[in-house]
Amino acid sequence: MFASTLRKTFVFLGLATYSAAALTTTSNSTHYTISNSRFSVAVAKSNGHVVDANLDGQDLLGPLSGNSGKGPYLDCSCTPEGFWTPGAEPALVNGTDSTGTPYVGVIMTDTYETTNQTLSQYLFLRGEETGLHAFSRVTYYNESDYFLRGLGELRTLFRPNTNLWTHFSGSEGNYGPMPLSSTEKITVQDATTYLGDTTDDPYVSQYSDYFTKYTLTESWRDHDVHGHFSNGSTSGDGNTYGAWLVHNTRETYYGGPLHADLVVDGIVYNYIVSGHYGAPNPNLTHGFDRTFGPQYYHFNSGGPGTTLEELRADAAQYASPEWNAEFYDSIAKHIPNYVPSTGRTTFRGKVNLPKGAKKPIIVLSENEQDFQLNVFKKDSLQYWAEIDGSGAFTIPRVVKGTYRVTIYADEIFGWFIKDNVKVIGSNAHTFTWKEETAGKEIWRIGVPDKSSGEFLHGYAPDTSKPLQPEQYRIYWGKYDYPSDFPEGVNYHVGKSDPAKDLNYIHWSFFPSQGNHLRNEPYYQNVNNWTITFDLTASQLRNTKTATFTVQLAGTRNANGNSKWNPDPAKYNNLPWTVNVNGIYEDTWEIPYWRSGSCGVRSGVQCQNTEHKFVFDAGKLRKGRNEFVLSLPFNATSVETALLPNSLYVQVVSMEAVSVSNDMRVLVQAFMPLVTWGTAVEKRVLLTGIVSVSAMAKEDYPMISRPCPRKGGTRRRKKERKKEGKKQGRTVLDALLQRSEQDSFWSRFCRSPIESVAQYVYGQGSTALRKKTTDNLVRVVCVSDTHNTKPNLPDGDILIHAGDLTESGTKEELEKQIYWLDSQPHRYKIVIAGNHETFLDRNYHSHHGNERVTMDWKSLIYLENTSAILDLGAGHQLKVFGSPYTPKHGNGAFQYPRTDTTTWEEIPKDTDLLVTHGPPKAHLDLGHLGCRVLRQALWEMESRPLLHVFGHIHGGYGKEVVCWDLCQRAYEAIMDGESRWWNLCVLFYCWILRLFFDWTADGRATVLVNAATVGGVRDLKRREAICVDIQAGSKRFLSGCT
């Protein structure tokens, strides 16, 4: 149990008043002062914060007032209560590095006692340098509360309280004068103000009428330095000054080169971690220990005529990971987790690029993970470099290890992805990237450059102000969509201009919330975009398949910036629909974890994602063709701050292609980031992800819904699987983006007898007996949690039917065991699933690894074994568990579908049966269950009272089987046997069930598919399923979900 107050701790590593070469350290009762001949800082003994910084006699911070007038200092959004600014008495260290240069370090570590998490800040002054080298460390060790929360924000701030600083500089082309503190401000949305009434403010006259810190956001790819500039008009000596944050390393940031974040306003930021623009955050779980940095706060000065550009260039010379490498090696002993040069190497090589590739870049990042989401491993690192004209690249000082390589370039669709690339020595690597293509390109809109900046109000300069900032940087409400597109978007390929005729945001409606220029929302001609194009007969000749590919630069779903906690909102996953010539329609549900505030926060490059719409080329025609791209009408989100409530997407680019014979017609699209929604209900997918259903027809009154062609669903699944392999997605990604279950009408068009049989049989398959209160035993059933931890209701017996993990690692398994062990249920039964490769002896023998035993704590782990559960009063239940499923892919615990011996070990007196997979045709979407298992149950003399399984996520639910003629007929139909005759039998039995309770004599078995994290078109959130058993009679009673 931790105390309820903050504990201030420090390690005194060496404190003295000394002078080594040009460095001097002094102290008094309240401060330590560290200085060289030009630069000095004062550090408060009470909290370790820098409260004074002086360069050449000029005060850079001003007086201390709260959190102003100090820095760099550290804070975070990381505690259960929210933000925390740590502070503790610091320790000083000193020494001489390998070059003979002296240094002094200030180390502050503070512990948040109620959670036992720590923040540490390390600041070093070296020799005659006029700046501070900064590292930050976060730890969380707390076995009693394994998961604390996400690390929402972590940042260091240089926060002056002085009028010295006259200008901001975000990047080389984005700078301007600071707004005056006296300027009248009108709040127009969260963190955004209108200053235009004060026309003599230099910011207003030169840069913009609106101010928000998001205007000064920069993308990490080319970013080197940002900060404050003083033009000399406010300095004591008339000289110019600069305060800069230098990105000399970027390996410990997240999100790769596509990440963008705040850099400067009245504060010089170092945003180490944030959720801005949909960026993911790492989770603080027991054992989290990560050091970020180094970065370098540099302070410089020049004569009265020195320009901002000159001081900026002086700081930018340090933006190299090779700068000061010897120094960082020397102080590594003071910096936990920092890897010195002995553990680093140079990653170099050559890329054979597709023709036409511009601005190619190579990225090293967390293995087997999209670099935009590289927060899952606490030691995740990232590096990137531009690829030159010859295809060569060099990345110095890479920590040795195994990485994912990602390559992308302007003008080229898709990505090159290769996992398990070992960076150990300095050997050259060679990669060959072939552009994705499905045939001959018909048309292209936009440039695939990972941003929506080329469209209206994107990168084009705002010529109304002398400094001409890019339009997207300015408050979005300035650009009135109804005025720009009074008739909506109607874009004709070959005639329209992308810079004028497509907006940088595709709204579901144009909002008035957060828009001080409009009192009412505008709905007309907003959510549907129309793209028209002409085709000739020769372009269509001998074509079979068309593919329309869309790449998004960002999307705003109802989930907002939340990544791992799906919101139960209607448009959590955002549907984007393409209608082709009014005769074909397909919907892409944009997953919630790609959502973020992008366009409304002055962004054109956020979470990139893409999708291919594949359809029959026969839907295209000679002459005029029309695509309608639709967001649901009036799709909204709930906003707790003053922000627009309209959902949107922003498109990167689009392309259309056709091919002959058996090859496909490819239509690829890259457009501005836009989002759309539709009538949706929630359902839980892998890792607790909430998804949505297909849109209801009434949401799109002008779009018809044709009966799909036979085989269309299989074809789309195949294409999406193929796409996932090309892009190096994880199994999780593929599952999350797989096709939805079709509607009853769609299934009826494809297989009328089977669909009718499913409907009729389903009407009577969930009836349960009325509940009594005598000797009740509650069984709580879950399965396929895949690292998630759903809320579990109270009960007597907890059953987990496998797939506890996603990747099958020991670390993942231990976390799930820890979670299940903490549950209060008397008995906790667990089996493995096909994801638990760590537990499968055969899997390890085939892959050259050795299986290690697990500590199951209070859990009863069954692997083709039984256990007796003593319920008291002479009542017992026998439970048998098996992890095995029919062969499918390369998972664990699999057997050939032709094997008839697997289920012979089930004891005849089994009361509770737990298998990972279902018997075929029962709670078995896609008919992937086991026919042999089903037959084994038929042959048992005394069938189980309860059978719990998972594996088939879309089959979630419960069913009562009575082992009767009705069930025989239904199963025969599902197996394709005498379908018409068995359908008649099924109707006959269904009529009888209207009048008789077929479960009254206890012959029935309750089947439960408890897959909590998914389901193809099952539209309810996955909770545990409960079944009550009357212990004395061993009869099931009504249950709960």
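Placement of Cβ uses the backbone N, Cα and C atoms for every residue, glycine included.
According to Swiss-Prot, the protein has these features:
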COMPBIAS  707-720  compositional bias 'Basic residues'
CARBOHYD  N28  N-linked glycosylation site
CARBOHYD  N94  N-linked glycosylation site
CARBOHYD  N116  N-linked glycosylation site
CARBOHYD  N142  N-linked glycosylation site
CARBOHYD  N231  N-linked glycosylation site
CARBOHYD  N283  N-linked glycosylation site
CARBOHYD  N528  N-linked glycosylation site
CARBOHYD  N634  N-linked glycosylation site
CARBOHYD  N864  N-linked glycosylation site
REGION    703-728  region 'Disordered'
SIGNAL    1-21  signal peptide
Mapped DSSP class for N528 (N-linked glycosylation site), helix or strand or coil: strand
Inter-residue Cα distance where the pair is N231 (N-linked glycosylation site) and N142 (N-linked glycosylation site), in Å: 50
Spatial neighbour of N634 (N-linked glycosylation site) that is closest, considering only the glycosylation sites N231, N283, N864 and their CA atoms: N283
Residue from N116, N231, N864 whose C-alpha is spatially nearest that of N94 (N-linked glycosylation site), among the glycosylation sites: N116
Among N28, N528, N864, which are recorded as glycosylation sites, the nearest neighbour of N116 (N-linked glycosylation site) by Cα: N28
Residue with minimal Cβ packing [other Cβ atoms within 10 Å] among the glycosylation sites N28, N116, N231, N634: N28
Between N28 (N-linked glycosylation site) and N283 (N-linked glycosylation site): CA-CA distance (Å): 41
Euclidean distance between Cα atoms of N528 (N-linked glycosylation site) and N231 (N-linked glycosylation site), Å: 49
Cα-to-Cα gap, N28 (N-linked glycosylation site) vs N864 (N-linked glycosylation site), nearest whole Å: 72
